[in-house]
């Protein structure tokens, strides 16, 4: 993902308008770079008075820098004052506090400390993102405009400002840490005092207050400090004791700060009727009428008590009643304030109403879903003030963020708020309601005038497009029913239906189908978010080249947020960076993908004649990633008890700001994202260990750690078998207490070095082992070009839309067997089927390969063989048993199976095997088994097809003509497939499975063309690492549920294929028939596009795909489809 997109995700709503306009300035740089040299130089020079030209890039940078500095200075002062208030606030009297159950005060203070900690993290995030944005913009100017802004602007100006270093934020954090320690000490003291047995004064005083015996309360007030008097007054308000109130107010006097503090405390502890507060106001008015001659001073006192006096959080009495939802008190207080002569009309959106957390009484009522309290506040507000700019987050947008509060939405709109008002990111309330899956809010907004065609800033998406991209079926139905247009396109030219289909939400296609003819010209890929980052692609290409000399280790991290350091300790272990070689000479930055130590590694590594690498002392085996923890990124873990000091020295780990893994397009509620994938190489995987550290923010202090052996993350079951189930999460232990503080899911894929070189069917292509230096500067372009040219005839579609370049591939040979076919079919995945498909003009034939219990690759589609009369997985049957399940095994195959069986040593003299001549024909049980189980049609079935014996991969390679290419599908179940088909969750070890099949192909394959494919993403990765033949990733494109995110949708499949530089994808044809323009998106990524599925047997569907550029179709009726395409070409030529 690009930095500008990550920055949009990291925006903190409160500060949204104060961020650097990164995208705007970057576009300006591109425009200036396209100008003639004279005009460009003019815009980059200062005027005679020292100012920058109006509208120039430098002027924009200066203005944005000033915005950032102003906000930082304002906020840091506010937060420092907040800390000071909390530290100087007097503690209440212990006994009276206990009498009022004022453990609430301690809890409230603890909440304030947490909120302050959170605000400091937000400010830290704001500073880091803007600093990074300035650095990238300066580097961009230097790159495209030939300036030196990285030095003159960034280093000499930005880096010297307070916001760009951590000193002031650290000072606040250290003060907060000290305050938190004192709070903990006071809590311990309170607990000890609560152990005392007798509190006669407390019990008597409470009884006297409840009975409103003022004389006894007067005695307790003699010589009492203000804090005690405030507590007694608060207790009197709660009890509704008028006489006690008079006496205590007489002692306190008409001091607004004490009276407001007592009233706030009483309101916060109210648990029943609010008559006591009304009695307090009545008593106060009576006293004021005696003390003051006119009503001016009494009104002013009430105004100060209710509105002006604030606590340490900057909240007044009005904030308290709105937060707790006391609607009656809200009405009463608003009535009192409005009745004061010469008072200004109430406007809850004015900055003066904001507390330290930028909350107003209005926003507090919204967050608490207090409809009646909100109604009271809005009734007292001047109707004209609703047009006033409400701040960074409009109330309607805020409502849709915090909950599905349709009644709150109704109150706000009826009070005059604009339903189409936008926030700083140009999102309306309707966009926000869709993003957070608030169907009731969506209904109410549409009912009260929200515009369903409003567009956001980032992608120019309407609410319908956003709902489609997140798969929210209910909201899509609501929007379509309200008249939202399904024909509109976003900034890249894609419709809502295409956004839904590419993300795997095919069930929405019927609701979003457009009747408008869309252009078949290439469109922008931006809003589809299917591109892999260049750094990901580079790191994986380098891993492919290093595979010959080292094992590649892919570590995946999930379910852990914050600043994470992942290290691999082992023999010559190195993190494979995706850093561009062009940056090798440039200065390192805080987000470079490789530190300088990696450069020295490249320089010091030498390549021996056998392709091995000499280890260097500067090798880097760790990487730091910033995993987003909320709507703002890189906030890191700032734990008060583990606060890092500002002068800690950073280590030499590579720092990787992991924008590439963060999904920018909105995720559905409870949706999943791909894990964070890191690539390492090492020589010895058996002795390697993985260390995962949770680091403090802005330092390398370790807050938690987990360590494990690399091999322990592979669920090895012995005998080359492994489990499909994920391992249990690893506990992350605190560095101080050694107690678990979090859990992390870690998954590992290891591509082990094999004795033989990587398999290639092309003699002209060789790949010697490369050093890391060579890998960093030499790409696999030549190798890829050779691969693509080798298969060009099968994967190139002509510009005219003709099908003469479209490969027709026989599905499982001549085609998948169908029960409804009227003509007799050859059995699928049989030798006869493969040979016949070649005779009928198939460019390639597709076959499915699995392995038996005795490790022989065989050709069979289903994971379960039930021709035996029982369900048996292929890997649980020996070759003899597998071939015996065939309806008509050939004599040659019988002999092969017998030879294998006879070579096997019996486990005991009493054991024996069934001779070949008397082996059991399992086919006799098939008919009985079919009656007992649900009707699942099996290919190559007796009575439905020209039944042929099962076959091995070796026989296919020997018998099928060399002129016919083979599309070999490696059948390996994913966990979701195993659960669907009720398989045991075990399978062969990844490496053993792939190596065994590749060795057979290498030994017997000859010089034919090969394409490898698999539905399992990890198998595809190993094929790309272990073989130079083209690899295709098979995806169901959303037509079936898959737990692996990479296999769940067309979008994820395209990103995955791009990352690992596969030849292309083989997609289920349904999504591409629904949205054929997505074929062009696949081609724009440089990937080949193959399709499979029953719908490919319809000629019209195939022609539709051919028109948009599909490279190959896998079909069941090879002859009919080939003839139809030839006729299609002839009709085009005649036209």
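Using the three backbone atoms N, Cα and C, a Cβ is placed for every residue, glycine included.
Note that the structure is a prediction, hence the values are computed from the model and not measured.
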- Query: Do you know which of 861, 875 Swiss-Prot groups with 846, 848 in the divalent metal cation site?
  - Reply: 861
- Query: Which residue from 181, 316, 595, 910 is recorded in Swiss-Prot as phosphoserine?
  - Reply: 910
- Query: Going by what Swiss-Prot says, which of 582, 760, 803, 823 is noted as phosphoserine?
  - Reply: 582
- Message: Among 766, 886, 911, can you tell me which residue Swiss-Prot lists with the annotation phosphoserine?
- Response: 911
- Task: Identify the region 'Disordered' range according to Swiss-Prot, selecting from 786-821, 930-965, 966-1001.
- Result: 786-821
- Annotated range (Swiss-Prot: region 'Disordered') out of 466-504, 505-543, 583-621: 583-621
- Using a Cβ-Cβ cut-off of under 8 Å, list the residues of the same chain that are 6+ residues beyond the ends of the repeat 'ANK 1' (357-386) and lie near it. 14, 115, 119, 313-316, 318-319, 321-327, 330-331, 334-335, 337-338, 345-349, 395, 398-399, 402-403, 405, 407-408, 411-412, 415-418
- Within the predicted model, mean pLDDT of the repeat 'ANK 3' (425-454): 93
- Message: I'd like the number of other C-beta atoms within 10 A of the C-beta of residue 846 (divalent metal cation binding site), please.
- Response: 28
- Query: How many of the residues that make up the repeat 'ANK 3' (425-454) does DSSP mark as helix, as strand and as coil?
  - Reply: 16 helix, 1 strand, 13 coil
- Task: Note down the number of other Cβ atoms within 10 Å of the Cβ of residue 848 (divalent metal cation binding site), including every protein chain shown.
- Result: 20
